Amino acid sequence: MLESIRVTEKLHWPEHELAKKFVLNAEEALITDSKRSFSSLSSGILKDTFTTGTSSYNVLLQSKEEKKHRSQKRFSSASSKQHRKPSKSPSSSHSKDPSRMTALVPGTGAGTWYCLDGQSAVFVTSSVPSPVKFTRDISITGSGLALPPKPKSKVKRRNLTRLPKPKQQPQLCRSFERGDDISGKKLCILTAIKPINLEKEKLRFFKSDYTYNPQFEYANPTLPGVLAKHSNASDRFLKQSINIMELTLQKYGSYEKFEQATGGSLLSKTRIWSHVRKYMVKEGCLGEIVVHLTEDLLSRASMTVVNGCPTLTINISTAREHWLEGMLRHEIGTHYFRGINNLQQPWNSWIGRKKHELKPNNPTEEGLASIHSVLFRKDPFLWRAALLYYTVYKASHMSFCELFKDIGKFVKDPNTRWDYCVRAKRGWTDTSEPGCFSKDQVYLDGVLQILRFRESIDFHLLTALGKVSYEDVDRLKELAVTENMRVPHFLHDHSRYMEHLERIMEVNELTDAELKNLI
């Protein structure tokens, strides 16, 4: 990977929306599960996770829209009187009998599940601004969670608590390359290069019958130096990328047929949550991550940190039945676990990385995650990594229109082609000129490097040591903190894991001789 980029996907992040989400029944909800230990997480992470909207529910719970409006009116009335006893929360009638709690699923609109161990889950939407005013009565000390005593009132009522604004947790965040805007604030490069007029230009492009080159605008376009470092595409693995896509098309006829045959049907929000919850239980991380569903994401998913809280965003328009767990292995089993493990290491800061002379964690990070995406598929074609690599290379020599037409030989659907072209041309204003944002070549680059050295890589340590390159593992293992490290379930059986790596080599017709010659 390019030295300055260390992030998966962060093309769009609605931080202003997430900041407005509230937790119902915070007093009752924030209870730690005696069966679960968060010893592997620092107190800072716990504090940020518990105070940014993650309630202690684990099963989806949402009131109907009309009930929600009535509830908000009731809460607003109650909260305006400071010395008055709090009114009942909408769920108080059910809280008397835990067995009566039912899992209601979200209807329409985007929202967020907030989860902690041991109890049911709450789904909070932000479509209507909340008038609720909370009091501060939650405190966190050390690595444990301290709660205020219950109100002594004999009447069983529930308090609504305002969660204090969290401190940013830079250690947990992926290392983003940043630039400064005019106000001096730091900018994530992937956020800065997302066009603000994307929908408008898409409409104009489609109306022109694909002959108009979009003119993108940016909220913070002052990154010429940073963009210049990522405008050089490589052709090192171009032959392999083309071969992988051609093999896929030979077997399935078209990408669309490949997608349907191997990915399965698109999932509803209910089924997405069911799969996510099941996977989190399997990995022992239920309650540690906020899950957000959206349709406004160029990638399939992203694992980021919002206000110090690990947040998984899933693009529901691409969430397919047989591919979703692969995405979870990519985002949680790879990025999240390596990020958590990194916190305990001496190189968990920029100073530490410089002191120990660490190589960039990419392309290892994204290569490993991309392998895990296809690990258990029947036909683990590296299609997406190959198409991203190819598209970036072609973008460096073509205009937007030319690129759109060129990748039509691999992908027919115009909306899918648009997404790939935008990813390759992001950061550019006039897309009639040749030019690319080369970050997306890191996936195939990383995959092929890891496959090249798969026999010598200790994959267990590669995860346990945190955000490190496979090239640094041997020299860092003596310095590493290995107690309480988090390793995903699919790495527990080493022989099975290696068998699947061999399967990936076979299906994509990659040979050791070829990789040794290239790398």
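The first residue you see is number 1, and the count goes up from there.
Quick reminder: no glycine exception, Cβ is built from N, Cα and C everywhere.
Among Glu295, Glu357, Glu366, only Glu366 appears in Swiss-Prot as part of the Zn(2+) site alongside His330, His335. In the three-state DSSP scheme, Glu331 (active site, nucleophile) falls into the helix class.
Distance noted between the C-alpha atoms of Glu366 (Zn(2+) binding site) and Glu331 (active site, nucleophile) is 10 Å. Same-chain residues at least 6 positions away in sequence with a Cβ under 8 Å from that of His330 (Zn(2+) binding site) are, in sequence order, Ala301, Ala369, Ser370, His372, Ser373. Within 10 Å of the C-beta of Glu366 (Zn(2+) binding site) we count 29 further C-beta atoms, all protein chains included.
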